[in-house]
Amino acid sequence: MTKKRIDWDQYFMVQAGLVASRGTCKRLSVGAILVRDKRIIGSGYNGAVSGDDHCIDVGCYMRDGHCVRTIHAEMNALLQCAKFGTPTDGAVLYVTDFPCLQCTKSLLQAGIKQINYLRNYHNDEYAMKLIKLKQVKLKQIRLDPNILDEVNLDQYIHPDKH
């Protein structure tokens, strides 16, 4: 088999999927990666405030049909950049699921220039209007079905076989 180098969109989206696996929300696992100049500047998954109980341990804290314990992945990525003084203006987002309205507003206000996502998830009409208004590029990514063959993590799980 000839080794093929994965493209940048696939590379960052696979990482967003990996970050999602750290999520502690029982309802949906979401991962987000912020990228500038092809370098990761921040990442986040949906989970509780650091130090608080996690939904996977004590259940969701529901109000009006929403879990209020969880900080969304996109917000966690933005907050990580804010905490460490990393500018987000002009950055690109890779996220596993289409951002909610509140996350979309925060992303636009933070200067994100492009939103790449895998799955549609309650795509809000007003969020779409704002994305268009701010002229932010929106792109749905389809992962290559053979991406796991290209990533080939098996070589690290069983290093003696390679």
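Note that the numbers count up from 1, one per residue, in the order the chain is shown.
Glycine residues also receive a Cβ, built from the backbone N, Cα and C atoms like all the rest.
Caution: TrEMBL annotation is automatic and unverified by curators.
Over in TrEMBL, the protein carries these features:
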DOMAIN    7-133  domain 'CMP/dCMP-type deaminase'
BINDING   HIS72, CYS100, CYS103  Zn(2+) binding site
ACT_SITE  GLU74  active site, proton donor
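Confidence for the domain 'CMP/dCMP-type deaminase' (7-133), expressed as mean pLDDT, is 96.
Sorting the domain 'CMP/dCMP-type deaminase' (7-133) by DSSP state (H, G, I as helix; E, B as strand; all else coil) yields 46 helix, 33 strand, 48 coil. On a Cα basis, GLU74 (active site, proton donor) lies 6 Å away from CYS103 (Zn(2+) binding site). Each of the binding-site residues CYS100, CYS103 was scored by the number of other CB atoms within 10 Å of its CB, and the largest score is that of CYS103. Taking the centroid of the Cβ atoms of HIS72, CYS100, CYS103 as the Zn(2+) site, the other same-chain residues with Cβ within 8 Å of it are ALA73, GLU74, MET75, PRO99, LEU101, GLN102, THR104, SER106. A 10 Å cutoff on Cβ-Cβ distances gives the residue listed as 'active site, proton donor' a total of 29 other Cβ atoms nearby, all chains included. Straight-line distance linking the Cα atoms of CYS100 (Zn(2+) binding site) and GLU74 (active site, proton donor), rounded to a whole number, equals 9 Å.
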